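Participant: In case it's useful when we look at the structure, here is the feature table from TrEMBL:
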- 55-81: transmembrane segment (TRANSMEM)
- 93-109: transmembrane segment (TRANSMEM)
- 121-140: transmembrane segment (TRANSMEM)
- 152-169: transmembrane segment (TRANSMEM)
- 181-205: transmembrane segment (TRANSMEM)
- 211-228: transmembrane segment (TRANSMEM)
- 240-262: transmembrane segment (TRANSMEM)
- 268-288: transmembrane segment (TRANSMEM)
Amino acid sequence: MMASPHHSTTSSALPQKPKFKRVLWCKQPYPDNYQDLTFLNHLQRNRTAHRTIDGYPTLVICALPLCAHLSSVMIFVGLFVYLYKGYILAQELIWYTISLGLVGYLVWERSKSDRRLARPTVLRSTGILIFLLLLISPVLKTLTLSTDSDSIWALSSVLFTINILLADYRDGRESLIEGSLDVSFPSALSINAAISASVVLGSRLPSNADVFALVLFAVEWFALFPLMRRDVMRKYPDSLFRPVVLNISLACLAFLICSTLSISVGLIYLMAVPLGTAFILPGIYVWLQRYKKDLGGPWDCAVPRLS
């Protein structure tokens with residue numbers, strides 16, 4: 001059956017809609033939520049995802065400062081247990097602290113250009129610090145005399161958690177600007193939390209000498225040692241040997257201290273910090289990248305470019 005000439009003429013006379021354009025400044029005969037059939041042709045998947053195996057070594061290197069800090073906390077807690085149970089004398093810890101501080105100062109001095117000008121200031125500050133700690137050690141010992149030990153353990157755990165969460169994990173190139181220390185508020189709060197935890201734990205020790213030894217070690221371990229490490233990393237920014245050796249040394253020392261207290265604690269530390277944090281967690285992160293769904297396209301908001 002043939003269509004009538006009148007119907008064919010009417011159909012061809014209908015106006016054709018213009019081609020849809022994905023612009024807002026042009027008025028078009030389409031609804032606001034309209035999309036043409038070519039909408040998904042411009043879809044881009046995972047354009048910012050990095051799934052190459054080269055990303056795993058980078059993640060391992062980035063995890064080294066966290067591993068070093070966790071190992072430092074474990075070493076400090078282990079030494080506190082040593083003092084608390086009488087496995088080590090306060091005089092021995094004091095000599096260890098002085099020896100470590102001397103070695104750290106010599107290493108730090110080699111990384112500074114004005115090393116000779118800093119010696120009188122460093123020696124004077126060290127003497128004042130030791131004298132003040134000797135004066136306040138009896139006060140610190142009786143600071144929490146009326147507090148139950150369970151509350152002390154809980155409070156120190158919270159303080160060390162704050163220390164770990166707010167610690168400065170940047171390298172020397174970022175944390176030092178034009179030769180002066182760029183100490184941020186979270187980093188200062190992290191150091192204060194660690195020193196406070198050492199004071200709280202020191203109040204449980206049996207003698208004033210034990211309190212002095214623990215707090216002196218805490219000041220050197222949590223305040224001075226990170227500054228020395230960042231100065232050294234700043235002088236050798238392209239060296240991977242130094243951070244790797246530092247992490248291996250701290251991990252071995254922490255494992256030795258923990259395993260002498262309890263082999264179970266040593267194994268838990270070994271699985272959680274050196275292996276888990278440095279190798280397993282970066283591997284899991286790289287493995288999860290295959291399931292990443294990053295969808296993008298020309299419909300994303302444009303990023304303004306300021307000249």
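Note: Cβ is positioned from N, Cα and C throughout, glycine not excepted.
Here the structure is a predicted model, which means the values were calculated and not measured.
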Participant: Using Cβ atoms only, state whether the transmembrane segment (93-109) and the transmembrane segment (211-228) have three or more pairs under 8 Å that are 6 or more apart in sequence.
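Facilitator: Contact confirmed: at least 3 Cβ pairs fall under 8 Å.
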Participant: As a test: from 152-169, 181-205, 211-228, 240-262, pick the stretch that has the greatest number of Cβ pairs under 8 Å with the transmembrane segment (55-81).
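Facilitator: Looking at each of 152-169, 181-205, 211-228, 240-262 in turn, the most contacts to the transmembrane segment (55-81) are made by 240-262.
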Participant: Are there residues at least 6 beyond the ends of the transmembrane segment (121-140) whose Cβ is under 8 Å from a Cβ of it, and what are they?
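Facilitator: Sequence-remote neighbours of the transmembrane segment (121-140) are 101, 105, 199, 202-203, 208-209, 211-212, 215-216, 219.
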Participant: So what's near the transmembrane segment (268-288) in sequence-distant terms, Cβ-Cβ under 8 Å and 6+ beyond its ends?
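Facilitator: For the transmembrane segment (268-288), the sequence-distant neighbours (Cβ-Cβ under 8 Å, at least 6 residues beyond its ends) are 51, 53, 55-56, 59-60, 62-64, 66-67, 70-71, 74, 247, 251, 254-255, 258.
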